[in-house]
Amino acid sequence: MALSYKLQLAYYIIIALTGLIGNTTTIIVFSQRRLRSLRSSFFLTCLAATDLVFIFILIIALLDELQAPVMTVPVCLLTIYFSHIASFLSSNFTLAYTTHRLIAVLFPIKVTTFLKQRTNRILAITLLIFACVFYSISFSVTTTKLRTNTTNIVHCEEDPDKPLLFPFLVLDTLFTFIIPFSSISIMNLTIVYKLQTKLTYKYKLSTASSTAPMISPSIKSSTNSSGQSMTDNIQISQLNNGNNNNIPSESHHLLRQQNRSFLCVRPTQRYKRINNNNRSSPYLPTQQHTPLYQQNASMHIRSTRCRGTASAKTTKMLLAASTVFLVFNLPYHLLLFCFLFIKKQPPWMLDAVNIARLWFFASFCVNFFVYAICGQRFRNEVVRLFCCSFIRHCFGRHNQKRLQERQNSIYMSHRLLPISWSRLSHSN
């Protein structure tokens with residue numbers, strides 16, 4: 001019994017320290033400018049702050065277990081009040097960023113119109129106000145009992161004899177467990193199905209493009225006339241397609257591209273020819289210039305691919321975070337839901353609740369590791385943050401001394417400058 005109690009205290013200490021360091025680092029990292037472009041970063045920061053509040057509540061409970069005189073009447077009431085708020089906000093912030101990812105996957109073009117930082121702030125403030133107002137009912141259903149007559153340390157719990165407790169717990173279970181968990185599960189399955197469909201489509205498209213015949217017409221030099229270059233391209237496309245009589249639709253597409261390229265290139269070439277004719281020397285192009293619209297199109301394709309890759313990585317990271325949230329929170333909330341409707345609980349259920357509570361406490365410090373494992377940008381920011389702090393700690397004093405010496409030298413040089421000028425004037 002004593003060994004299990006010590007192990008439980010050690011587990012609480014590890015959870016508290018890991019949660020303090022991990023959630024504080026998460027708040028700092030997601031507040032950086034490089035990660036503000038991530039549309040769900042605001043809700044991830046709010047979730048880390050909520051987890052940090054619950055970690056402080058866990059520290060207060062740990063100090064009470066160690067016989068520290070911290071559990072007074074106001075601390076007891078506020079602990080229960082903020083624990084309800086933290087549990088509610090944790091579930092709904094997870095639901096919020098999962099909804100963000102679902103919208104980004106289903107409507108990637110309209111995601112900028114739907115998901116804005118102002119909308120995120122309004123939603124977060126609305127959830128916070130609702131939680132603060134609704135869970136103020138916990139003050140009326142909580143009772144306190146003095147542990148000893150000599151101190152003001154109390155033991156507080158929610159009184160089952162009060163009639164308002166049962167509807168309060170039912171609504172709390174509805175807002176914290178049933179609606180968020182069912183919605184997150186459905187959204188995660190939808191995101192996985194959509195990603196799997198996209199992967200299957202890309203695989204079929206790649207196999208189809210690898211088996212299709214390639215058309216590679218040679219681009220003639222700009223010194224030839226437009227009619228001759230177009231006929232040469234038509235002949236080459238006909239030879240590649242194996243049709244000498246009819247021009248296929250792909251060659252028409254190539255002709256349209258060539259016409260656009262001639263429209264882009266010909267004014268500059270005509271200007272060069274006029275200048276060269278005035279100099280009585282023929283125009284000989286040294287190198288072939290790529291049209292401007294082709295460069296812009298290639299840059300647009302590259303940027304679109306980069307954004308698509310970053311969005312897919314963010315989707316996988318947030319999908320992993322919401323799945324981990326379900327795994328760590330589902331057993332405890334499910335057992336509490338069963339406790340509402342079972343009057344006589346068997347002893348194994350009490351043991352299961354205690355084990356599930358330990359598993360539930362770990363959910364408030366595990367998000368940092370999920371972000372670090374699944375998020376490359378988050379991991380790079382954490383490494384950059386710790387490296388910068390280490391360098392500042394190691395070389396800060398030396399740099400401060402060098403800077404102070406440099407400032408002193410500059411100050412002394414400015415003070416000696418008028419004296420030197422006065423000496424020169426006296427000598428003259």
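Just so you know, glycine gets a Cβ as well, placed from its N, Cα and C.
Residues or ranges marked as transmembrane segment by TrEMBL: 9-30, 42-63, 70-89, 122-141, 174-195, 317-342, 354-374. Per TrEMBL, domain 'G-protein coupled receptors family 1 profile' is recorded for 22-371.
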Intrachain neighbours beyond the transmembrane segment (174-195), with Cβ under 8 angstroms and 6 or more residues off its ends: 87-88, 91-92, 94-95, 98-99, 101-102, 105-106, 134, 312, 315, 319, 322-323, 325-326, 329-330, 333-334, 336-337
Of 9-30, 42-63, 70-89, 122-141, whichever stretch has the most CB pairs under 8 A to the transmembrane segment (354-374): 9-30
Residues from the same chain, set at least six apart from the ends of the transmembrane segment (317-342), whose C-beta lies under 8 A from its own: 40, 90-91, 94, 97-98, 100-101, 166, 169-170, 173, 176-178, 181, 184-185, 187-188, 191-192, 349, 352-353, 356-357, 359-360, 362-363, 366-367, 370-371, 373-375, 378
